[in-house]
Amino acid sequence: MGKNRSSSAAASKWRYCNPGYYLKRPKRLALLFIAFVGASFFIWDRQTLVREYEVEISQLSEEVNQLKSTLEELKSIHGDVFKSIDSRSSKPSKKVISEDPLDIQRREKVKDAMIHAWSSYEKYAWGHDELQPQSKNGVDSFGGLGATLIDALDTLYIMGLEEQFQRAREWVANTLDFNKDYDASVFETTIRVVGGLLSAYDLSGDKVFLEKAKDITDRLLPAWNTPSGIPYNTINLAHGNARNPGWTGGNSILADSGTEQLEFIALSERTGDPKYQRVVEKVVEVLNGTYPDDGLLPIYINPHSGTASYSTITFGAMGDSFYEYLLKVWVQGNRTSAVRGYREMWEKSMKGLFSLVRRSTPSSFLYICEKSGDMLTDKMDELACFAPGMLALGASGYGQTDSQKYLLLAEELAWTCYNFYQSTPTKLAGENYFFRSGQDMNVGTSWNILRPETIESLFYLWRLTGNKTYQEWGWNIFQAFEKNSRIETGYVGLKDVNTGVKDNMMQSFFLAETLKYLYLLFSPPSVISLDEWVFNTEAHPLRIMARHTGEISGRSEKRTIRIRGRKEGKFEG
Ligand SMILES: *[C@@H]1O[C@H](CO)[C@@H](O)[C@H](O)[C@H]1NC(C)=O
Ligand SMILES: *[C@@H]1O[C@H](CO)[C@@H](O)[C@H](O)[C@H]1NC(C)=O
Ligand SMILES: *[C@@H]1O[C@H](CO)[C@@H](O)[C@H](O)[C@H]1NC(C)=O
């Protein structure tokens with residue numbers, strides 16, 4: 001039965017293939033037709049969809065190619081720095097693509113300025129410390145160490161000026177000679193030459209810079225052989241005899257004695273030899289021994305007793321970078337407990353700074369006074385305009401209330417400093433300002449020597465707040481330099497910011513600091529990230545390396561040297 005049924009069912013299936021079957025049944029024919037049209041429509045629809053996707057995919061890959069070539073262009077505009085620095089940070093390409101075209105344009109203008117300054121130096125003053133652009137010759141203001149050349153190394157590198165960097169590198173390798181019978185300033189030599197060489201080393205990895213940095217620092221080291229450990233401020237580079245300049249009455253200067261910590265600590269870390277770090281940390285320990293509650297030290301320190309001599313307290317000339325380095329040693333050590341003591345000293349000093357702050361009338365500009373004994377003077381140096389940047393850099397280490405308070409202080413001081421520029425006919429700042437009741441600010445010493453401090457602070461404020469106002473202010477200052485200071489053979493200062501009369505000197509810090517901070521002001525924050533680099537007081541970036549209690553760390557574990565007991569080293573991570 002079963003068999004029969006199935007064979008008859010098969011036979012009945014075949015009848016559907018017979019056209020005659022449908023002719024007799026028109027309804028079934030219509031149904032079949034509809035099914036056929038539906039199926040073909042379905043297949044056609046899928047195919048179109050596939051084609052659409054294919055078009056979309058090819059458009060997307062075209063876009064990817066375009067983005068790739070944009071990135072290549074940006075890289076070539078930006079030079080080597082993206083390859084060498086950006087690749088080490090987290091997500092470079094995204095940031096590059098979303099960049100403001102105005103930033104790129106402005107950065108290029110700053111790079112043009114650097115090319116102009118550098119090629120003038122190459123042409124007229126090669127190997128000398130500084131260029132005198134009007135008389136078109138070089139002068140050796142620092143003993144003939146090629147100060148401008150060394151100061152410019154990292155700026156050239158960051159801007160991707162490879163050929164220029166290579167020529168400078170060859171000069172350092174083959175011609176630079178520190179064996180000079182010259183009484184050099186320990187401070188100037190450290191911040192420009194040691195700092196410049198170490199920065200070039202950190203950026204390029206080229207050992208020749210480290211060897212040279214060690215050579216010059218070994219020549220400076222005998223300056224710390226004093227009864228207190230506070231260094232003498234000048235030393236003969238060939239013979240090693242150290243002394244203080246006559247005009248200080250035998251005293252050492254606070255900033256000159258307390259602005260070698262970053263460079264010497266970095267050198268110890270990179271060579272594995274702790275002797276450099278030891279002498280500069282001793283200085284801070286000695287000063288800490290009699291550190292006042294407000295953290296403010298007078299500018300003269302007796303190198304025999306290690307205590308302060310009666311003199312001015314200031315965040316301007318001869319005081320400034322001592323306070324800056326208390327903060328930056330803490331940043332350089334990556335803010336660990338091992339460097340907490342520096343942060344503590346700095347916080348004390350910032351309380352002291354707060355106590356020196358006053359407001360002008362009628363416009364309520366905030367400014368930092370100087371102090372002698374109990375008397376305040378309503379005078380502020382342009383040099384003290386590094387302070388807003390320092391306050392912004394340090395603000396994040398406070399709790400929320402203090403953090404906001406010090407950031408606000410930074411922003412208000414930056415506004416004052418910007419007005420040092422905006423208030424003169426040339427729109428360039430004088431060297432210092434007096435604040436008199438009812439008159440806001442008046443220029444005191446009226447020269448401008450291409451100083452960087454205000455731009456430095458604008459750079460930090462922009463990086464740390466993201467507020468583009470600071471870029472605008474920086475751009476305005478740059479344009480005033482272009483208008484007043486650029487001449488055919490380089491950049492010069494002004495003898496008087498009221499008249500615009502020019503001087504005859506292109507300061508080496510114009511290439512090291514002013515143009516570098518301007519360039520970075522218009523570069524993505526990943527270029528020399530503040531998480532990875534700390535700038536010395538001459539704007540030379542040094543790599544941050546975490547410090548741990550009881551150690552001086554070298555680049556490798558092998559080089560790690562413990563200067564205290566093992567126990568201490570074990571307890572602190
Ligand atoms: C300075 O002295 C204070 C108080 O004695 C101490 O807490 C701090 O660690 C010291 N700082 C340095 C850098 O030695
Ligand atoms: C940006 O900075 C300027 C100057 O300090 C300030 O007036 C302005 O309110 C700031 N803008 C924002 C959005 O914080
Ligand atoms: C510094 O510390 C932060 C965390 O606090 C860490 O992410 C970073 O890798 C450290 N950097 C270095 C150079 O040790």
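Glycine is no exception: its Cβ is also placed from the backbone N, Cα and C atoms.
In the disulfide annotation of TrEMBL, CYS385 is paired with CYS417 out of the candidates CYS369, CYS417.
Considering only the recorded positions GLU188, ASP320, GLU431, GLU453, THR537, CYS385 (disulfide bond) has GLU453 as its nearest partner by CA-CA distance.
Distance from the CA of THR537 (Ca(2+) binding site) to the CA of ASP320 (active site) is 10 Å.
The shortest Cα-Cα distance between GLU188 (active site, proton donor) and any of the recorded positions CYS417, GLU431, GLU453, THR537 is the one to THR537. The two recorded residues GLU431 (active site, proton donor) and GLU453 (active site) have their Cα atoms spaced 11 Å from each other.
In this structure, of the active-site residues ASP320, GLU431, the smallest number of CB atoms within 10 A of the CB marks GLU431.
Between the candidate active-site residues, GLU188, GLU453, the densest Cβ environment within 10 Å is the one around GLU453. A straight line from the CA of GLU453 (active site) to the CA of CYS417 (disulfide bond) spans 9 Å.
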